[in-house]
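Asks: Here it is: the structure, laid out below.
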Amino acid sequence: MVTTAEKTNIGYITQIIGPVVDVKFPGGKLPQIYNALKIVGTNESGQEINITVEVQQLLGDNQVRTVAMSSTEGLVRGFEVTDTGAPITVPVGKATLGRIFNVLGEPVDNRGPVNAEASLPIHRSAPKFTDLETKPSVFETGIKVVDLLTPYRRGGKIGLFGGAGVGKTVIMMELINNIATQHGGVSVFAGVGERTREGNDLYNEMIESGVINNENLNESKIALVYGQMNEPPGARMRVGLSGLTVAEYFRDVNKQDVLLFIDNIFRFVQAGSEVSALLGRMPSAVGYQPTLGTDVGELQERITSTTEGSITSIQAVYVPADDLTDPAPATTFAHLDGTTVLSRGLAAKGIYPAVDPLGSTSTMLQPNIVGDEHYNTARAVQSTLQRYKELQDIIAILGLDELSEEDRLIVARARKVERFLSQPFFVAEVFTGSPGKYVKLEDTIKGFQKILSGELDALPEQAFYLVGDINEAIAKAEKIKG
């Protein structure tokens, strides 16, 4: 770690504007950009102060401008500030599994201190170009619509795009559950500016499902790093980096395949824009920070696969007002290998997961990667749904009877396909009352082939709603007829 001074370097606060704190240091003893500074003491009203701030700008006149990682309430001008001589560091390694940390790597789950084998700074360089792994392989999730139409890349970056309340967090929780039970790898979850209640629910569900082993934390499969909605923007801006640092250690030192979940990448951008104006930067398009591309790039370029191990990242991206051209989601798009777009229209129909089969994409859906059978089935599903979409206006105006025999058949099959793309989730059992289902890729492909070939034309469409594989749909149809 880089130190900026041989002995303790002490300055004092000259100005406080919300989460932004200006600090003056003695001549020639300025801390470096991104160094962590500590403010510890008691103010005049007897309030204990223990705040970490991060250097963002060198202002001249021996002053630095910093952003606080916790509330600046109770701070006053003249308070002493100590330069730690290094960036914020967080504990890493096996000891982090089953624990919840804040942005500074402090445990917040009332389980005592963490005996970590190492601590690493949250600001690090991306892996060298020559160290990157480029062989594409598919990552099975057990979710039909994802595996068929937007297959995820092992070591890739996937975005879950959707407006408020369409199910981003639920899909993410299902993926964590499926991966922990089916693949057995380690995961890191970074909660960036989302609801504290959701963070708490996620933690409790993981204990229930055994992903976090309460009796023996070392056997847990996930480490959690939270910087929730009520935290100041500094914490929300950096908590993604703290989570990523934990994941990088598992990849680089333990040589493991890691899953990194970030919920929500938009809040990371939003925190940056909150801080940006206070740092005196001119806002850019729609009020975002002018450094939007750089901020997102610094985070995304570190999430990658090397020859030692991989980080597969699944990132929820809130889409403001359902507008995918907003600068925040649009900038994120450029970094992703796959996009899973959630549709409010499908959610309104009660089709969950509400993944838009025509709007979602994946660089993996190529015959030389997934094979001809998978590719042709996926494309046939999409063209059937596309034709159904084109016919909907005619149906709305003239009714089904005015369609040709062939088109009526396409509509009937498309409605079955649409319903078969829904699936009961393990993490949603409490709400739906249906047990969750993990569907293997070959069963998914077989099921859709049977629907499209006309083999199941006689079955009612409701038999395909919220089931696992095609055999369940056939059994459900028997039940309905019976």
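Glycine is treated like the rest: Cβ placed from N, Cα and C.
Annotation source Swiss-Prot lists ATP binding site at Gly162, Gly163, Ala164, Gly165, Val166, Gly167, Lys168, Thr169.
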Asks: Near Thr169 (ATP binding site), which residues of its chain come within a Cβ-Cβ distance under 8 Å, counting only those 6 or more away in sequence?
Replies: Glu194, Glu198, Leu202, Asp263, Ala316
Asks: Quick check on the binding-site residues: of Gly162, Gly163, Gly165, Gly167, whose CB has the lowest count of neighbouring CB atoms inside 10 Å?
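Replies: Relative to the other binding-site residues in Gly162, Gly163, Gly165, Gly167, Gly165 has the fewest Cβ atoms within 10 Å.
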Asks: When you average the Cβ positions of Gly162, Gly163, Ala164, Gly165, Val166, Gly167, Lys168, Thr169 for the ATP site, which other residues in that chain have a Cβ within 8 Å of that mean position?
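Replies: The answer, listed by sequence position, is Tyr318, Leu342, Ala347.
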Asks: Which residues in the same chain, at least 6 apart in sequence, have a Cβ under 8 Å from the Cβ of Lys168 (ATP binding site)?
Replies: Leu160, Phe161, Gly162, Asp263, Asn264, Ala316, Val317, Tyr318, Leu342
Asks: If you count Cβ atoms within 10 Å of each one, which of the binding-site residues Ala164, Val166 comes out on top?
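Replies: Checking each of Ala164, Val166, the winner is Val166.
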Asks: Reduced to three states, what secondary structure does DSSP give Gly162 (ATP binding site)?
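Replies: The three-state answer is strand.
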